[in-house]
Amino acid sequence: MLKIILPTIMLLPTALLSPQKFLWTNTTTHSLLIATLSLQWTTPTYHPYKNLTQWTGIDQISSPLLVLSCWLLPLMIMASQNHLQHEPPTRKRTFITTLIMIQPFIILAFSTTELMLFYISFEATLIPTLILITRWGNQPERLSAGIYLLFYTLISSLPLLVTILHLHTQIGTLQLTMLELTHPTLTNSWSNLLSGLALLTAFMVKAPLYGLHLWLPKAHVEAPIAGSMLLAALLLKLGGYGIMRITLLTGPLPSHLHYPFLTLALWGALMTSSICLRQTDLKALIAYSSVSHMGLVIAASTIQTHWSFSGAMILMVSHGLTSSMLFCLANTNYERTHSRILLLTRGLQPLLPLMATWWLLANLTNMALPPTTNLMAELTIMIALFNWSSFTIILTGIATLLTASYTLFMLLMTQRGTLPTHITSIQNSNTREHLLMTLHIIPMLLLILKPELIS
């Protein structure tokens, strides 16, 4: 555990002290080394916890998300090279340090075995993202987006803190292993019902449930590329991971606590995919699509069966890679045309033919085409939901239909059609961007060969 956390912390003096010429190369190579080291966590074992230290341990639930978070740091540093070109070197250093500061907190939040430390790291990831959005966003509305993000997260996570302290006074320990042994069955008394509700809502806001999702499109549209990659790929997964942990821990919650969350999640998947069809802003479209995907994850992890948990796990990992890749593609368009409106960036295929290939691949994985892990995840989730209640097949079926239609709409709008008249000359796509896309898509194509690593 420490052999990942300590190099990640040592990335900070690397970014602060390396000379100007080697700043990007040093940080990217170091973080890529950390990412390749972290691949050892995915080896399946029969032990419940691997690498167990006093506060951290790696479970089957947390290891794929840990590897994903280690894998995305070099990709974020690579993606944000271009829009930092004309900044003075001190600002580059501060940008890279804010990116690196999030990383140990995310690793701690995914690997901790103790609820209080989990809460602290869960909240500490908020501060660097807030700095990223409100300092390096590219429009003045980023301040309102930052305020939305801050207050949604804070208001939802105060009851979580109170409930964790309440659990501590009731049981006397907060170690996850001890809690799994004691099984505090939540009876139907008012305090227990409210505590279960408080435990769930904090994570429901973080992995946005429909109705609590308003901070997400704002934050995504205003964030710089590294910020929205981080937000889509990792911070949404914190919510899903928290739901999986908490629902396993508190035992079978009363079923009428799950019904509103489940109906909201499925209905929200349908609603946000139909919002996507009428969207003009490219990044907002990708943000709403990630709301609809995480709605499936929430619905699957509230019914607590083996099938649905493995499906939610696979969907979280594959959605992290897919949406991060879509944001990178949207950012390459944005850096060339300086606009996110779909009407102004259409018809880019004759100009950037190789980028059009990446657009096609990313949209097909987002659409859950076989042989991608997205398809496997959505199928397992749908089977689990259908076994739970056969009525849900209507909602999930319409949601997948709408997902396919808006991804195809996005592909046609950005790549096909006549070229707008105001685009006269455009930059070529460079090797860095192609490497970025390949590093996003290679794990997705390799994971289908051995999907039990992430289920």
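FYI, residue positions are counted from 1 along the chain as it appears here.
Glycine is treated like the rest: Cβ placed from N, Cα and C.
Now, the feature entries from TrEMBL:
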DOMAIN    1-109  domain 'NADH:ubiquinone oxidoreductase chain 4 N-terminal'
DOMAIN    113-403  domain 'NADH:quinone oxidoreductase/Mrp antiporter transmembrane'
SIGNAL    1-17  signal peptide
TRANSMEM  145-169  transmembrane segment
TRANSMEM  189-212  transmembrane segment
TRANSMEM  224-244  transmembrane segment
TRANSMEM  256-277  transmembrane segment
TRANSMEM  284-303  transmembrane segment
TRANSMEM  309-329  transmembrane segment
TRANSMEM  341-361  transmembrane segment
TRANSMEM  381-414  transmembrane segment
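Here the domain 'NADH:ubiquinone oxidoreductase chain 4 N-terminal' (1-109) returns a mean pLDDT of 90 for the predicted model. Tertiary neighbourhood of the signal peptide (1-17): same-chain residues 23, 26-27, 30-31, 33-34, 37-38, 51, 53, 56-58, 70, 73, 93, 96-97, 100-101, 103-104, 107-108, 111, selected by CB-CB distance under 8 Å and a gap of 6+ residues from either end. Counting residues 6+ beyond its ends, the transmembrane segment (189-212) has Cβ neighbours under 8 Å at 122, 152-153, 156-157, 159-160, 162-163, 166-167, 235-240, 242-243, 246-247, 250, 253-254, 257, 261, 264-265, 267-269, 271-272, 291, 294-295, 297-298 in the same chain. Pairs of Cβ atoms less than 8 Å apart link the transmembrane segment (284-303) most often to 256-277, out of 145-169, 224-244, 256-277, 309-329, 381-414. Listed by sequence, the residues of this chain that lie at least six past the ends of the transmembrane segment (224-244) yet keep a Cβ under 8 A from its Cβ atoms are 61-62, 65, 68-69, 72, 75-77, 79-80, 83, 95, 99, 102, 106, 109-110, 118, 122, 125, 129, 132-133, 136-138, 200, 202-208, 216, 283, 286-287, 290, 294, 297-298, 301-302, 309, 312-313, 316, 320-321, 323-324, 327-328, 331. Away from its own ends, the transmembrane segment (256-277) comes close to residues 193, 196-197, 200, 204, 209-211, 213, 285, 288-289, 291-293, 295-296, 298-299, 302-303, 385, 392, 395-396, 398-399, 402-403, 405-406, 409-410 of its chain (Cβ-Cβ under 8 Å, at least six residues beyond either end). Long-range contacts of the transmembrane segment (145-169) within the same chain: residues 115-116, 119, 122-123, 126, 129-130, 133-134, 137, 184, 191, 195, 198-199, 201-202, 204-206, 212, 214-215, 218-219, 221-223, each at least 6 residues beyond the stretch ends and with a Cβ under 8 Å from a Cβ of the stretch.
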